[in-house]
Protein chains: 6
Amino acid sequence: MSYERSSGRAANALRPVRITRGFTCHAEGSVLIEFGRTQVLCTASVEERVPPHKRGSGEGWVTAEYGMLPRATHTRSDREAARGKQSGRTQEIQRLIGRSLRCVFDLKALGERTITLDCDVLQADGGTRTAAITGAFVAAQDAVNLLLAQGKLTTSPIRTAVAAISVGIVEGTPLLDLEYIEDSACDTDMNVVMTGVGGFVEIQGTAEGAAFSRAEMDQLMQLAGDGIAELVRLQQVALAAPLVKR
Amino acid sequence: MSYERSSGRAANALRPVRITRGFTCHAEGSVLIEFGRTQVLCTASVEERVPPHKRGSGEGWVTAEYGMLPRATHTRSDREAARGKQSGRTQEIQRLIGRSLRCVFDLKALGERTITLDCDVLQADGGTRTAAITGAFVAAQDAVNLLLAQGKLTTSPIRTAVAAISVGIVEGTPLLDLEYIEDSACDTDMNVVMTGVGGFVEIQGTAEGAAFSRAEMDQLMQLAGDGIAELVRLQQVALAAPLVKR
Amino acid sequence: MSYERSSGRAANALRPVRITRGFTCHAEGSVLIEFGRTQVLCTASVEERVPPHKRGSGEGWVTAEYGMLPRATHTRSDREAARGKQSGRTQEIQRLIGRSLRCVFDLKALGERTITLDCDVLQADGGTRTAAITGAFVAAQDAVNLLLAQGKLTTSPIRTAVAAISVGIVEGTPLLDLEYIEDSACDTDMNVVMTGVGGFVEIQGTAEGAAFSRAEMDQLMQLAGDGIAELVRLQQVALAAPLVKR
Amino acid sequence: MSYERSSGRAANALRPVRITRGFTCHAEGSVLIEFGRTQVLCTASVEERVPPHKRGSGEGWVTAEYGMLPRATHTRSDREAARGKQSGRTQEIQRLIGRSLRCVFDLKALGERTITLDCDVLQADGGTRTAAITGAFVAAQDAVNLLLAQGKLTTSPIRTAVAAISVGIVEGTPLLDLEYIEDSACDTDMNVVMTGVGGFVEIQGTAEGAAFSRAEMDQLMQLAGDGIAELVRLQQVALAAPLVKR
Amino acid sequence: MSYERSSGRAANALRPVRITRGFTCHAEGSVLIEFGRTQVLCTASVEERVPPHKRGSGEGWVTAEYGMLPRATHTRSDREAARGKQSGRTQEIQRLIGRSLRCVFDLKALGERTITLDCDVLQADGGTRTAAITGAFVAAQDAVNLLLAQGKLTTSPIRTAVAAISVGIVEGTPLLDLEYIEDSACDTDMNVVMTGVGGFVEIQGTAEGAAFSRAEMDQLMQLAGDGIAELVRLQQVALAAPLVKR
Amino acid sequence: MSYERSSGRAANALRPVRITRGFTCHAEGSVLIEFGRTQVLCTASVEERVPPHKRGSGEGWVTAEYGMLPRATHTRSDREAARGKQSGRTQEIQRLIGRSLRCVFDLKALGERTITLDCDVLQADGGTRTAAITGAFVAAQDAVNLLLAQGKLTTSPIRTAVAAISVGIVEGTPLLDLEYIEDSACDTDMNVVMTGVGGFVEIQGTAEGAAFSRAEMDQLMQLAGDGIAELVRLQQVALAAPLVKR
């Protein structure tokens, strides 16, 4: 007999996903993405310069920063700006988001400009990094669309979509898209990032308690693949709608 | 002839104010406050402990932290957590918010617990610190209401409301509630914090260009007093509605 | 019946003010200013370069830094250099000093050079920031006089003097130039910065306990105006004497 | 036709592995591990206290820190102690080592003490994190053996071995144990951590250029599994020899 | 023919030394010491607690901190508090001052209290560290005298005086008490710390250009010994006068 | 009767010295130096650029950094990179190493390039700074030899050798080359740096307990001089052997 999820969600079901484009007004792309109660504001900022290691290369750069509001969580956590440094977890996550987005960009086609994806968690209930990647892609697409509309780009540097989901095994049951309570209880936790055409970009699996087997891993990969395909479809639906600036 | 404001706003008019309670789900109080396009998320977190200087005093503590998302502004600003320190401006603002809220709290009546007000700017268009104070009060009131409902407090430690507004002189015209473009152009800029019964809590006036006269100051104080009275009324309206948790 | 001040000082009296020019030998301007037992060493340093935001603008820059020796106070406080950061209070004060001085400077007339005002408190007994502003002006004037004497400037970029004083209400009595014991006990505390011709540069009023009324504020502004007029006269007297380098 | 490795190494071959126990004299466990030219000094330090989150829990803690000597690499990199912070990469790696080791420890059986694994790279040629995990396990085993010999533990808290290896695809060829030149050129890079009984502890796969397919992933997992089985055997051989303190 | 010093000073002569006790009012000991144009404010602060490594030991602690006002020097140097860290030079000097003072203290006789010596350079012209040590001793003696007068100590924990001087070789001439211009030009620079009874506490000699010989070293030691004997006499003279609090 | 050293070592005897060149493969010079159980890895890195203060001067720069692995010592010490700053002791030592090496270099003859000497202590048993200087010289010589072999230099910028040793007085006996247990017990501790032709580069003597006399100092200088002569001979022997890259 398997693990019972909250609200009767099926083991292979995503939480309700909501993608709100144009959430704030200044950024070239601005998306509020919600995976259930997890809410992440993803903005894409375009700057007409590149970091030192890309100067004069003719290539652009795509990078990400991640943050969590102090009271995005059940109990208040310290503000990283006040503590004076970003935690190892924060750095790990923002490096993951950056790599994931760069993987679907043709940096040559982007030209010598930088797109910075700021992913700030307003409310956390598990899966903030996967929501961030999925939302950041939509924000990046909006920023690229703007560059195309402005004539700064003539062809899109985006090769395909990218999205991410978490999977895990809780009390023996493989589950898609863990919420916080499941994440805390799981034996194995895996974050999977895939492209719009089903290629793997990142796999990060961690045994929290006991090690996991090859068979379990295969189950999780299957779940993740199906979930990401659905997320990519939802990104397309969101992007097909006209962008209404607030 | 006087300065023409955007959208035909009168010199003594506030921008549209929107106060959304229960904006996020974990905090004891969570308010999104909007002054026109300025949006600040104010959360009130209750912790059953006090900082060292209050331990054993029988008194509580009320404090504030302030932040701005990197792309809350027209051009992206550095993330303070990544830079490794809060700017002087950030510290100045969060100290102001903290003092303003403490002024209407009876710390003895609060008991040995801390209320931390996190004010995070999602979108900036001038007046972020005044919106933060005005919204933080509503969040603090919701947190106190919860403590009363839980029986942790029997009488409210809040003595009166507190709200804040900016005023300034632009091209010779005294204006209420400056938006960013006005703030950049103004000769004199003043932030005023007042209680629900019309007492002054803080006045911070700065001559940006030429010094200002006593007569100008009196005009600004009048404008601010009327504006804050209206804000206090809007706080009451917002608090009178039932709190719907999202 | 009103509050009795130490040494029988009148409510509207300044403490003895002493301005010693040429206190140290290397700086272009070097002033020890004393408001009673408060002693602040203010040096003006001229550098023939400007910060990035002014480069190529044809304008100069005036800025300030503030510090307190660890044992300037009753009990030793941590050395900020050892702690590795300046407190919010320090940053707030040095920003105030910088704005106040810039307000009386014509940055165009200064040319692309920087004047840095270092205000270091040797001994503290209340009013360190107002003494710092008042003394920094004298140091800045000495530095400008040197630039004129050296032919680096032909007309003075200083438009008028600037000075500052604190006022406050202690046990119902409005007082001028609070010393530490009064500052700790006051209900309302206000720092006022004015030019040599009576214009307001900065007003920062804070209710420490109860909020203050408009009538109280008017009384404090009056006291401050008179006190600053006297300080400006004392600055002129000090500057009229020949500068004796030690 | 497949990628030609240096020294004619087979695609599925490890580099020569050397494990020197007792490399330094003070630590409870001290191992120099070499994967070809990659050399990592792994020390295990036992302290009879635990971090705050474990105090009073009856459980111990196992953690890791990672560093690289400035000239471990082809060109000198900045010393992290001089720069004043650890890079995101360093933090990511030391968190990985810590999780990997904890996964094979019964923290209850360890008792309230901490084992810290310091992994310092003396010479780098790819695979430093996998060498670190593999060597840290041997150092940890030596430290546990010492605790058993001293009677501080009566049964070993180590449940099984843990070891790690990198795999990747270079020019279409799946390779085991990448050296630096291969790592720089690879399309997909995966670090795999497994227990002595073949369970997965961590999988971190990253597409450097193009995304990778499920079939590629399966090949890499196979390679890694075989490689780790060999590493576990080498750990056993090393641990079977008497420990000679230098 | 030998090096000609400014103001016709003899090679073996100190600059004029001035020791002003009670320079500031709050500290338990407060001394302004001047070696020619070098001015250092040395305060001794007594706190009735000790750092962790001395808690419960029955012994006290004596420590020092050193700083330089930004414009103590010819050209303005960065404020260490603003830069966020103390330079290596600052740390080296404050460690030297601390060790030198501890060497003449019986920490057992001091009891579990700390004396912190803050040495802040108001004006620099070479020899700031030696002036700091010489002045800090006088401040420490005043603090101890106060503890004796208050009955907190019954016998003095100070075993003997301590003083310091610099010596060096400039253009082949051994000189006592180098001023800045001599210090910049010297081949060999030595700081010597000795007790009131002629024992060596610290010797720090550095060849700036060419290495120095044993014979040169002997000459410098002789010069230093004579100079310190004179400084110890001047300390005694200063301490023999009644302390007038300002 | 005199102090008995471990292993029956004579008071004027060095511990066994071992100098292994080519210890790691990437650096231009790489030396493991051992003074008994003290082991320091010294690498010399050549970079074709100089720090700002040397740019355009036609001169090169020689500098040093020092570190200690956390478990180089009896009990684990904090990792400086994790703490976020280098200790005062670390900075003092690396400044000493840098000055000592620069003293034997003709920076003009080096040309506008930098040699950085990284001295990392793998195992500590007293004398790490003196071993570091002695080993760093050998690494620097190897780097210079490489520059000569590559034709980047035509004449050596090294004027003479440099080496260092500690001396001290333990229970009244003057000893050469203190190991940790002796260092902890000594009354006087002196580090001496000398050139290959017997000139003094640095002398740093510290009285740990009682002050020391001139006679004691003379004894220590004699011991040190003889010890350094022997170290210089050992450097020559090591450098005379062919360099075998590992």
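Note that Cβ sites are derived from N, Cα and C of the backbone, with glycine treated the same way.
Remember, TrEMBL labels are computer predictions, not curated facts.
With B:GLY127, B:THR128, B:ARG129 listed by TrEMBL as binding phosphate, the candidate from B:ARG79, B:ARG83, B:ARG89, B:ARG159 annotated for that site turns out to be B:ARG89. In this entry, B:ARG89, B:GLY127, B:THR128, B:ARG129 make up the residues listed for phosphate, with the farthest two CA atoms of the set 13 Å from each other.
Note on B:GLY127 (phosphate binding site): other Cβ atoms within 10 Å of its Cβ, all shown chains, come to 26. Other residues of the same chain near the phosphate site, with their Cβ within 8 Å of the Cβ centroid of B:ARG89, B:GLY127, B:THR128, B:ARG129, are B:TYR66, B:ILE93, B:VAL121, B:ALA124, B:GLY126, B:THR130, B:ALA131, B:ALA132. When the domain 'Exoribonuclease phosphorolytic' (B:161-225) is classified with DSSP, helix, strand and coil residues number 18 helix, 30 strand, 17 coil.
Counting other C-beta atoms within 10 Å of each candidate's C-beta, the binding-site residues B:ARG89, B:ARG129 are led by B:ARG129. Sequence-distant contacts (6 or more apart, same chain, Cβ under 8 Å) of B:THR128 (phosphate binding site) comprise B:THR38, B:VAL40, B:MET68, B:ILE93, B:VAL121. As a whole-number mean, the pLDDT of the domain 'Exoribonuclease phosphorolytic' (B:14-143) in this prediction is 97.
Under the DSSP three-state reduction, B:THR128 (phosphate binding site) is assigned to helix.
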